[in-house]
Amino acid sequence: MGAATSALNRRQLDKFEHIRLRPTGKKKYQIKHLIWAGKEMERFGLHERLLESEEGCKKIIEVLYPLEPTGSEGLKSLFNLVCVLFCVHKDKEVKDTEEAVAIVRQCCHLVEKERNAERNTTETSSGQKKNDKGVTVPPGGSQNFPAQQQGNAWIHVPLSPRTLNAWVKAVEEKKFGAEIVPMFQALSEGCTPYDINQMLNVLGDHQGALQIVKEIINEEAAQWDIAHPPPAGPLPAGQLRDPRGSDIAGTTSTVQEQLEWIYTANPRVDVGAIYRRWIILGLQKCVKMYNPVSVLDIRQGPKEAFKDYVDRFYKAIRAEQASGEVKQWMTESLLIQNANPDCKVILKGLGMHPTLEEMLTACQGVGGPSYKAKVMAEMMQNMQSQNMMQQGGQRGRPRPPVKCYNCGKFGHMQRQCPEPRKMRCLKCGKPGHLAKDCRGQVNFLGYGRWMGAKPRNFPAATLGVEPTAPPPPSPYDPAKKLLQQYADKGKQLREQRKKPPAVNPDWTEGYSLNSLFGEDQ
């Protein structure tokens, strides 16, 4: 694009930079998007100058539109950008990318153009092109039906390359996994034996699996011939013969005969549906061969998440060649039985017949690192408690159970107690104070540890004005009573010391020394 912005002039560039990338977003288109689009055009073999005009953008859209539904994110982004440029060249007012894509679909009629192109490219068996006006779709069929009616004749429409490409990619990626059977059923809906053989012939690899399918086809064809013998005698002129097993397999019948058996024969024989059932039986055998693991062998690993185990289990159930009742019984009995011990304990606690949603919710997180750490912590705690009990049993009598000092319950210690911490005295057992401040016990002098100074032998006299109000009632304190008794006793002793000793008047004369020595004394 030269200067990378030559695709738009100044006015168009201003309009381009006002278009939002998403309806609810704030980001808008910039010049760098045009530069990126010019580089991406080379990947699809398109010249970058096609972006400079409306017709060029229309040609780009016609090339990218068939690839857009199944394309990569880069292809879808390029398609959206070209739609925006188309609207800018056409002077259409758009606000975001979705509006531009909707306008392009309306203006270009891409859906109708694609259908008309597919119809015009198909030719009749005689080599002439079909007339679209006279082509109708079989009743109950889709527009991609492999047979269409033109007048009174049915015309075969071969499978599109896109359908064959999708089938080949599915086989290469899944390697005949359990998904191949429903994929074949979806792609072969309404096909003739010729179309089904074409789907099998495009598979270059996996010839061993195709040989198994051929053996199943031969067995079913032989059983068909036994169950439907040909009529005796020659057929009337103009009457269509009955299909044999090889006719159903498409080896001895033409495409026109297959269409007549399906749509115009009386009675009709849907050889396409019959041959499709045979192929499905063969594919189921291949799935079982390529997936030898039985559902009985699916077990959950010790560190495997339950969700991953459920995915592996149902994938094996899907590959099992059994009826629906058998699969239901296997699911109900084996899903819980083959789980690991951790999940099995949880699943058995859910009761009888829990739903899959309940099981996935209950086992969520089981097997992860956090769950393993929790289990290891519980195991370590149990081992420590057992060791402590064994050590205590060797010394003598068993140790009593642990009791919480905070709440008084058994089974845990104070540091593990969930209740709020309470302050309790170790001496008296009452809450509200500690042992160092306990007033319920005194020493031999009658004084407790709460007094900081040396105790006196008498109550200290209070100086100053005494309050007129009566003192507040205080609870009974035995220490105060004992202290008062000691104070009263001390007061009595001091008073007795101050009094002179008692003298008996009878002793003054009889016991005096004056009577013995006279005045010498």
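Heads up, the Cβ atoms here are built off N, Cα and C, so glycines get one too.
Residues or ranges marked as N-myristoyl glycine by Swiss-Prot on the basis of similarity to another entry: Gly2. Here Swiss-Prot flags 116-144, 489-521 as region 'Disordered'. Feature annotation from Swiss-Prot assigns motif 'Nuclear export signal' to 16-22; the stated evidence is similarity to another entry. According to Swiss-Prot, the feature motif 'Nuclear localization signal' maps to 26-32, an assignment based on similarity to another entry. Residues annotated as motif 'PTAP/PSAP motif' in Swiss-Prot: 467-470. According to Swiss-Prot, the zinc finger annotation covers 402-419, 423-440.
Beyond the ends of the motif 'Nuclear localization signal' (26-32), by six or more residues, the same chain brings 4-5, 13, 16-20, 81, 84 to within a C-beta distance below 8 angstroms of the stretch. Using a Cβ-Cβ cut-off under 8 Å and counting only residues 6 or more beyond its ends in the same chain, the motif 'Nuclear export signal' (16-22) has close neighbours at 8, 28-31, 34, 84-85, 88, 94-98, 100. For the zinc finger (402-419), the DSSP-based tally of helix, strand and coil residues reads 3 helix, 2 strand, 13 coil. Here the motif 'Nuclear localization signal' (26-32) is broken down by DSSP into helix, strand and coil counts: 2 helix, 1 strand, 4 coil. According to DSSP, the motif 'Nuclear export signal' (16-22) comprises 1 helix, 1 strand, 5 coil.
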